[in-house]
Amino acid sequence: MTPSTDRMSLPVSDPPPPPPRGGAEQRVFKGSTMTPRGAYAAVSYMSCAVMLVLFNKAALSSYSFPSANVITLFQMICSCCFLYVLRRWKLISFSSGDADNSTRFVSLQTLIHTSPLALTYLLYMLATMESVRGVNVPMYTTLRRTTVVFTMFVEFILVGQRYSRPVIGSVALIVFGAFVAGSRDLSFDAYGYSIVFLSNITTAIYLATISRIGKSSGLNSFGLMWCNGILCGPVLLFWTFIRGDLRMTMNFPYLFAPGFLIVLLLSCMLAFLLNYSIFLNTTLNSAVTQTICGNLKDIFTIALGWMFFGGLPFDLLNVIGQILGFVGSGLYAYFKLFGK
């Protein structure tokens, strides 16, 4: 039976919202630069990101799973399966130009156009997954706060984006708070810290690429996710094979343990939702706003990380640093909402 053409679709990023009464675009607050859909995307991202870090940490540390790359591969395969089913059921489309009765996915020309985005996505996923293993959750979130500096620099290089003094001041407060919070962990693991900073760089490039290529490709958030999975999946599968990660996975003693399978399944589901919310938040708002949202959700990640996995000692200096970073993120959100 042919599905109804008026079936409700999941929200995507590119169809413009209907103009409200009076002709002006609706905003969260009077004078705000963020729409209600942008606020929804930001909150959705923060919720998914907190839970995904914890489930990834549980799989890699609590269960001592040997390969972060294999978890990334599982997440990518599940994402493509979800998108395929949703597209076949016509619950979603991949571009604003697709008709509801269209069975076309993505053309070869579009895949080629989005290949730079897929490359940066693959680097971002691999570096992020590996960085979770090397350091404890509180220090991980502390170091990740410096991503906003890399993102601002990449946006300036790619699109010439400039920022006001209040925004630059709020970012400086975030970075200063990160250094204060991490000052007790000066005897750091050089490899772990290097991977986290590499993750910061790849995240900045990935978010800036979404802003640049995502808006010119004609695809919405689901279409971009599909292209990333189709292009990156075979590459990652080959990489895990030649590195011996697949063999280590088959020899993993808890591979079929119910607890581990539940953690892995939830990690894959959250990764799908997180990728969707990243595209939505970055295209509706900006790459820097996406990064700041990551800083705002850190207070919950840190609290839950201390509760379940331990980490840095809870001392006054660390608390001051976390508060400074949170205040800096809040100031940026204020400037964004009220158009400062």
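Glycine is treated like the rest: Cβ placed from N, Cα and C.
Copied over from TrEMBL:
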{"type": "REGION", "residues": "1-28", "note": "region 'Disordered'"}
{"type": "TRANSMEM", "residues": "38-55", "note": "transmembrane segment"}
{"type": "DOMAIN", "residues": "48-332", "note": "domain 'Sugar phosphate transporter'"}
{"type": "TRANSMEM", "residues": "67-86", "note": "transmembrane segment"}
{"type": "TRANSMEM", "residues": "106-127", "note": "transmembrane segment"}
{"type": "TRANSMEM", "residues": "139-159", "note": "transmembrane segment"}
{"type": "TRANSMEM", "residues": "166-184", "note": "transmembrane segment"}
{"type": "TRANSMEM", "residues": "190-210", "note": "transmembrane segment"}
{"type": "TRANSMEM", "residues": "222-242", "note": "transmembrane segment"}
{"type": "TRANSMEM", "residues": "254-280", "note": "transmembrane segment"}
{"type": "TRANSMEM", "residues": "292-310", "note": "transmembrane segment"}
{"type": "TRANSMEM", "residues": "316-335", "note": "transmembrane segment"}
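Long-range contacts of the transmembrane segment (166-184) within its own chain (CB-CB distance under 8 A, at least 6 residues past either end) are made by residues 138-139, 142-143, 145-146, 148-149, 152, 288, 295, 312-313, 315, 317-318, 320-329, 331-332, 335, 340. Counting C-beta pairs under 8 angstroms (sequence separation of 6 or more), the transmembrane segment (222-242) reaches the transmembrane segment (67-86) with 3 or more such pairs. Two recorded stretches are said to be in contact when at least 3 C-beta pairs lie under 8 angstroms, sequence spacing 6 or more; the transmembrane segment (106-127) and the transmembrane segment (190-210) meet this definition. Sequence-distant contacts of the transmembrane segment (190-210) (same chain, six or more residues past either end, CB-CB distance under 8 Å): 116-117, 120-121, 123-124, 127-128, 130-131, 133-135, 140, 143-144, 146-147, 150-151, 153-155, 158-159, 224, 278-279, 282-283, 287, 290-291.
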